[in-house]
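Heads up, the thing below is written out as structure tokens.
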Amino acid sequence: MENQVLTPHVYWAQRHHELYLRVELSDVQNPAISITENVLHFKAQGHGAKGDNVYEFHLEFLDLVKPEPVYKLTQRQVNITVQKKESQWWERLTKQEKRPLFLAPDFDRWLDESDAEMELRAKEEEQLNKLRLESQGSPETLTSLKKGYLFMYNLVQFLGFSWIFVNMTVRFFILGKESFYDTFHTVADMMYFCQMLAAVESINAAIGVTKSPVVPSLFQLLGRNFILFIIFGTMEEMQNKAVVFFVFYIWSTVEIFRYPFYMLSCIDMDWKVLTWLRYTVWIPLYPMGCLAEAVSVIQSIPVFNETGRFSFTLPYPVKIKVRFSFFLQIYLILLFLGLYVNFRYLYKQRRRRFGQKKKKIH
């Protein structure tokens with residue numbers, strides 16, 4: 001009777017251009033590792049789950065790979081790197097849909113697709129920045145200037161939103177609910193300043209000064225400025241409503257944790273309490289802020305209908321009057337889409353920061 005074929009535990013991960021396999025065998029001797037007809041063949045003497053024996057396995061890859069695997073032996077395992085022929089993301093490792101029992105994801109090395117794309121972009125940006133720095137001057141000087149600029153920007157924003165937060169808090173304790181109705185006239189100038197300055201964040205992300213993705217910051221910037229400049233700024237009837245207080249208070253609460261975190265990051269400091277707050281307070285505050293903004297839009301619809309502001313009539317032969325409230329209803333949909341985009345981005349940031357378990361990947 002033929003001896004039973006023993007297979008070792010194999011863990012895999014990927015990037016767009018290569019595959020990583022970790023074979024759990026210690027004290028490996030005489031390894032035979034090759035790729036023929038897109039099938040990886042492995043056979044070696046080593047100590048695995050069944051003791052000191054000969055272990056082997058074969059894996060037919062999902063897509064084409066280069067036939068020259070690179071492997072490295074350590075005392076505890078065998079690390080194999082295989083280059084993909086085309087740089088792309090694979091939905092699984094093997095051609096067969098059912099995963100072999102001995103194969104599992106290597107969560108220590110795994111990144112999901114969006115993370116891998118961010119890593120790829122970061123590497124490309126790093127190379128481009130390196131070339132720019134070599135041609136422009138001392139890397140240390142430019143890095144110091146960049147950190148100084150970002151530190152001052154975040155400091156100014158922190159002071160601005162702190163002033164708004166403290167002012168509104170003190171007035172609430174002194175005046176109670178009466179403070180709700182003149183919030184706009186009290187803090188609007190500072191909010192205008194902070195929100196106009198917030199455009200710099202999207203510019204920084206777009207030109208590569210920071211590594212933040214452009215889309216989430218742009219969604220937040222456009223959404224807030226639409227509420228501030230269009231809903232509140234152009235309609236005096238909206239400026240005396242209580243919803244202004246809740247919108248401004250939630251915005252400022254989020255920012256008095258976010259900007260100090262960025263300030264400390266500029267000087268390579270990590271205050272654990274602040275870090276936890278920065279990656280946690282948004283969980284209740286972002287939905288609350290979205291709800292408050294939605295209420296302000298809904299309350300403004302009859303006001304815009306009554307005044308006819310920003311409404312227009314299509315030219316002949318259509319001659320249909322298009323009310324601005326129609327666009328506000330569309331905006332309500334976009335508002336919750338923006339919440340989803342930002343929520344997803346911030347959740348992934350939090351997951352990476354605190355090392356939560358990644359989803360199971362086949």
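Cβ from N, Cα, C; glycine included.
Look at the topological domains in Swiss-Prot: S179 and K241 end up on the same side of the membrane. Around E293 (active site), the same-chain residues at least 6 positions away in sequence with a Cβ under 8 Å from its Cβ are G223, I227, V247, L335. Taking pairs at least six residues apart, the transmembrane segment (243-263) and the transmembrane segment (326-346) share fewer than three Cβ pairs below 8 Å and do not count as touching. Within 10 Å of the C-beta of T7 (phosphothreonine) there are 19 other C-beta atoms, taking all protein chains into account.
Here the domain 'CS' (5-94) has, by DSSP, the following mix of helix, strand and coil residues: 0 helix, 57 strand, 33 coil.
Rounded to a whole value, the Cα-Cα separation of Y286 (active site) and T7 (phosphothreonine) is 49 Å.
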